[in-house]
Each structure stands twice: as C-alpha cells, then as structure tokens.
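A short write-up of the structure that comes next.
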Amino acid sequence: MTGNETPRGPVDSSRIPRYAGPATFARLPRLDEVGRADVAVVGVPFDSGVSYRPGARFGGNAIREASRLLRPYNPAQDASPFALTQVADGGDIAVNPFNINEAVETVEAAADDLIGTGARLMTLGGDHTIALPLLRSVAKKHGPVALLHFDAHLDTWDTYFGAEYTHGTPFRRAVEEGILDTSALSHVGIRGPLYGKQDLTDDEKMGFGIVTSADVYRRGADEVADQLRQRIGDRPLYISIDIDCLDPAHAPGTGTPEAGGMTSRELLEILRGLASCNLVSADVVEVAPAYDHAEITSVAASHTAYELTTIMSRQIAAAREENEGK
Ligand SMILES: N=C(N)NCCCC(=O)O
Ligand SMILES: [Zn+2]
Ligand SMILES: [Zn+2]
C-alpha cells in the first residue's frame with residue numbers, strides 16, 4: 001500500500017454479528033481481496049514436530065475464531081492498527097504433515113513470497129518447528145535478526161529421535177545457520193525441568209540470555225521490557241511466542257504445559273513495552289485447541305497477535321510518514 005490508499009479494515013461488528021461468516025483474523029479482509037498487505041496474518045497448520053501432545057495444527061483457526069471479538073482501536077498502544085496500514089489474512093500455508101523436511105521448505109518458500117511483496121508476517125502456528133523456516137526467510141531480507149523468544153522451554157535442544165527439525169530444536173538450528181544476531185537473543189518465561197544442567201550451558205554458549213517466569217513475577221513487566229529493549233536496541237527484531245510461556249491456568253490448550261508460568265497480563269504488558277522496537281515479523285505458536293477450555297488459550301493468543309500486529313502497523317505507518325516528509 002502507498003500512503004494514498006485507505007486500508008480496508010475489519011467487518012463492522014455493530015452491523016454484522018461477530019459470529020457470522022467464516023473467520024479471518026480480527027475479521028480482516030482476506031489477502032486475495034486486497035491484493036497486498038503491509039502485515040499479513042498467516043496460519044501454518046503443522047504439528048508433526050511435537051514431542052508430546054499433538055493438536056497445534058488446529059491452532060491457527062482456533063485463534064482466528066477467538067479473534068472475532070477483537071476491536072479496531074487498541075487503547076494500550078493508542079492506535080488503530082487496521083486503519084494505519086493494510087493488515088490482511090493470508091490464509092494458511094498448506095504443508096505436508098508426513099514429511100517434516102518438506103514442510104519446513106514449504107513454509108520458507110511461502111514466507112519468502114509474502115515477505116517479497118514487502119509484507120511483515122504475523123504467523124499463527126502450528127508447533128514451534130515453524131519458527132526456523134520463518135527466521136530463515138526474515139534473515140534473507142534483513143540479515144541476522146535479534147530474537148525475543150517467549151516460552152517455558154529453551155527450544156535449543158539438539159535432536160529428538162535423531163530428527164533435526166522438531167519443536168524443541170528450532171533455535172539451535174537457527175544459531176548454527178547464522179541467521180540470528182547472537183548479541184541480542186533472549187528467552188522469556190523459561191521454567192520447569194530440563195534434561196540436565198548442560199542444557200543451560202549450551203544455551204548460554206549460543207548467546208541466549210534467560211528471563212525466567214519467576215524473574216518476570218519478581219521484577220515486573222515494565223522492568224523486564226526496559227531491559228529487553230536495551231539489549232535489542234534498533235536491530236531488526238523477530239518475536240516468537242510459544243503460548244506455553246503462559247501458565248497452564250492462562251493457556252491450558254497447549255501440548256507441553258509447565259506449571260508456574262506468566263500471566264497473560266504480564267505477557268501483553270511486556271509486549272507493549274517493546275512497541276518502539278523494530279519488529280520485522282512475529283509468530284504465535286503451540287495453541288492446541290483440543291486441550292483448551294472456553295477458548296482461554298486462543299483468546300490469549302488472539303490478543304497476543306493483536307499487540308504484535310499493532311506494533312508492526314504503527315512502525316510501518318511511522319516510517320511511511322517520515323518518508324513522505326522528506
Ligand atoms: N516447543 C515446545 N512447546 N516444547 C518443546 C518441548 C520439548 C521436550 O519435549 O522436551
Ligand atoms: Zn514451549
Ligand atoms: Zn516452544
């Protein structure tokens with residue numbers, strides 16, 4: 001979109017009931033209805049990389065369903081993200097559930113196509129395996145990116161059953177491939193049992209800093225966000241959010257739940273504290289609706305994606321204004 005066109009926004013929920021019609025994220029138009037988008041919301045229905053409970057292949061559509069209740073003005077960031085820029089739902093990247101390597105390639109190619117149109121991606125998983133091809137694609141455009149990873153788990157393990165591409169290994173692969181800026185890597189929300197102390201040593205060697213869920217509780221969201229912002233600076237930033245960063249009370253619908261997690265309020269507040277970062281793309285993964293109750297998890301995920309979308313939309317609009325002023 002150039003600055004002259006008016007973005008097409010969501011369906012007006014005061015005229016057409018929220019629950020009517022097929023779900024797109026936040027009732028936004030489909031990408032094929034608007035031609036191109038500044039922010040494309042895409043689903044990746046893939047969960048063949050999980051080590052425990054399956055079902056995240058249904059996450060994207062559950063998030064879309066829960067997102068029917070979102071409204072167009074975001075008071076926490078004082079912005080109307082869908083009016084500032086064109087945000088559209090790009091549908092799903094259809095991947096092979098029987099061949100993980102092929103699925104990883106398909107996600108990368110589809111992300112390349114979308115990013116090639118100038119769009120930033122808000123991806124709805126799917127299991128965490130998909131972060132690797134998404135990071136590859138983002139790094140082709142921006143070079144190695146800063147990574148902010150919200151999760152109960154490190155996801156820097158080496159292999160499971162000899163498999164390199166799983167939901168517990170994407171960030172080790174990404175470091176090995178040189179697609180991350182190792183001076184700005186952070187995990188937030190980490191907790192729970194590990195295989196051994198070596199997991200932490202390995203993770204630190206890769207360059208990661210850890211903010212545990214207890215750190216978030218003790219120090220508070222604002223202080224954590226300040227510290228993360230300082231570490232990230234103005235580097236291109238990718239944010240990957242495994243919904244199991246939240247306590248199972250806030251996100252029961254996920255495959256590898258761990259007690260003692262963050263609240264959804266803490267997560268949303270930390271994200272809002274990062275609004276000035278140069279967020280180039282993001283994902284929300286690991287929503288497995290079969291274990292959910294009353295959409296607790298998919299509502300949390302839809303609000304999380306809404307905050308991320310708002311951050312991207314505001315930055316695109318600000319950059320456009322600056323360009324036009326020149
Ligand atoms: N990425 C997620 N959600 N979980 C990774 C857990 C890996 C394990 O089973 O040890
Ligand atoms: Zn996890
Ligand atoms: Zn994960």
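Cβ coordinates come from backbone N, Cα and C, glycine included.
Around the Cβ of His153 (Mn(2+) binding site), the number of neighbouring Cβ atoms within 10 Å comes to 25. DSSP classifies His153 (Mn(2+) binding site) as coil under the three-state reduction. According to TrEMBL, the feature Mn(2+) binding site maps to His128, Asp151, His153, Asp155, Asp242, Asp244.
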An 8 Å radius from the center of the His128, Asp151, His153, Asp155, Asp242, Asp244 Cβ atoms defines the neighbourhood of the Mn(2+) site; name the other residues of that chain inside it, in order.
His149, Ala152, Leu154, His167, Gly168, Cys245, Thr256, Val285, Glu286
By the count of other Cβ atoms within 10 Å, pick out the sparsest of the binding-site residues Asp151, Asp244.
Asp151
